[in-house]
Amino acid sequence: MASGGEQALDQSLSAILKLSAPAIVNNVAAPLAAALQLAVLGHEHGSAAVAAYTIVNAVISFVVNVCNFLIVVVMARVAHALGARDWRALGRTVRAALGTALAVGLLASAGLNIASRSVVDLMYPERQTVRPLALAYLSPALARLPPLMLLKAESSILCGYQHVRSASLLNLALALVDAAAFCVALGPLDLGLVSAGTALAASCTVAATIGLVLVLTSAPTDAKPHTSLCTCPPRDGSASPHDERTISLCELAYDSINVLLRSVLLSGSVLALNAAAAAQGTAVLAAHAVVLQLWMITSYVVDGFADVGTMLGSRLLGQADVAGFRRLCTKLAVLGTACGVVASFGLGYGEYALSHAFTEDAETLLHLKSVWPLLCLLQPCNALVFVYDGLLYATQSFAYLRNALFVGVVCVFAPGLAAAVAWGGDGLLNVWEAKAALNVWRACTALVRIHLLASPWERAQSSGSPMRLL
């Protein structure tokens with residue numbers, strides 16, 4: 001039951017779908033733009049350009065995914081503070097998130113620019129036709145990092161406010177502009193990857209500026225004095241502001257470090273997949289890039305339900321409504337699994353059209369065909385993984401997620417990938433079997449945390465705050 005006179009949240013199917021639709025758009029806009037860019041490269045510039053684009057995108061994606069705490073921790077804490085009507089905590093989270101995002105983006109961009117040659121050589125050694133293209137495209141791609149990180153934090157704050165439509169419209173507009181600029185630069189104008197990357201950096205800077213305005217103007221009325229960037233929040237004398245701020249920032253830092261470590265493990269597994277595919281040649285890497293795009297697109301669609309789990313779940317736990325949270329878990333699990341099944345059939349029936357939309361290269365298509373059944377089979381499992389990730393974020397079980405993924409990477413993924421590289425065989429299929437095994441492990445550990453470890457939820461109801469399982 002909601003506490004403190006707070007109105008109970010609407011958890012009906014229509015309310016969930018109403019929140020999920022813009023959340024899905026928010027998550028899928030960028031991957032769709034990337035998929036379109038990949039298709040343009042594959043048809044207009046060949047496998048070497050696709051390989052260079054894949055290398056750079058792998059590096060950028062690694063940084064973004066490692067900094068996933070800017071999304072999940074911030075969204076969970078903003079929504080929880082909103083449910084508890086703790087405006088001080090809300091303001092501290094907003095300011096810390098924006099400052100951290102900008103600092104991380106600037107540091108990552110500078111560091112990777114300095115180490116650009118080493119990074120490219122590590123990702124794709126001894127490929128002289130690809131290396132110059134990748135190095136040329138890396139600089140403008142890194143210039144996009146600071147505004148991109150800021151935009152990620154802004155979007156998570158807006159979603160925490162439950163202004164999901166504003167976040168989705170902003171990200172959709174950016175994706176459309178990115179796709180159009182990329183296609184025009186590489187198509188009619190034939191300006192090359194560097195000019196296309198520069199256009200993407202400029203569009204992201206504009207989007208981040210708009211996002212900052214939305215964050216500052218969309219806060220709840222009672223919270224606006226606390227979320228201002230230019231003035232000190234008012235004090236009510238109920239507690240030491242310095243001590244309160246220190247405790248809150250330490251908790252935010254602890255959660256962020258746990259998500260950071262988890263993101264390093266997860267992104268490292270994706271980088272390892274890229275490296276294993278690259279070692280088998282350009283055609284295998286090109287096929288791997290297509291599989292990764294399709295894998296992530298369906299995952300981002302289901303991740304819309306995960307975002308709803310984080311947004312609504314955090315508010316419910318902020319109100320100490322554990323029974324409502326459990327009902328939300330059941331509804332989202334059913335919706336996510338249904339989407340996974342639909343995705344499986346869609347990918348299966350659309351295999352020819354989808355694969356030929358990305359490439360006409362015969363060798364690349366052959367490698368795609370070998371891994372396609374696995375891509376279809378794993379979609380329901382992927383759906384559960386992403387939905388339950390969102391629910392676990394709502395409970396702020398960040399340490400549990402870190403520990404579970406560490407065991408999965410070390411004991412499941414790494415041995416499987418090592419065997420795939422050592423024994424060869426079906427090449428790309430063996431590489432992706434290691435990734436599939438990791439996702440099965442993630443699904444199992446998430447189900448255990450939510451449905452079998454019940455006692456922490458009951459204790460949470462009496463305390464009015466989420467429990468962490470270390």
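Note: Cβ is positioned from N, Cα and C throughout, glycine not excepted.
For 50-75 (among others), the entry in TrEMBL reads transmembrane segment.
Sequence-distant contacts of the transmembrane segment (96-114), counting only residues of its own chain at least 6 positions beyond either end whose CB sits under 8 Å from a CB of the stretch, comprise 59, 63, 67, 70, 74, 138-139, 142-143, 145-150, 152-154, 156-157, 212, 215, 229, 249, 252, 256. For 96-114 (among others), the entry in TrEMBL reads transmembrane segment.
Per TrEMBL, the feature transmembrane segment maps to 193-216 (among others).
Among the features that TrEMBL reports, transmembrane segment is placed at 332-350 (among others). Listed as Cβ neighbours of the transmembrane segment (332-350) (distance under 8 Å, sequence separation of 6 or more from its ends, same chain) are residues 16, 20, 294, 298, 301-302, 305-306, 308-309, 372, 375-377, 379-384, 386-388, 390-391.
As annotated by TrEMBL, transmembrane segment applies to 370-392 (among others).
Look at TrEMBL and you will find 404-423 (among others) tagged as transmembrane segment.
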Cβ under 8 Å, sequence separation of at least 6 from the ends of the transmembrane segment (193-216): give me the contacting residues as numbers and ranges. 49, 52-53, 94, 98, 133, 136-137, 139-141, 143-144, 147-148, 150-151, 154-155, 157-158, 163, 166-167, 170-171, 173-174, 177-178, 181-182, 185-186, 227-229
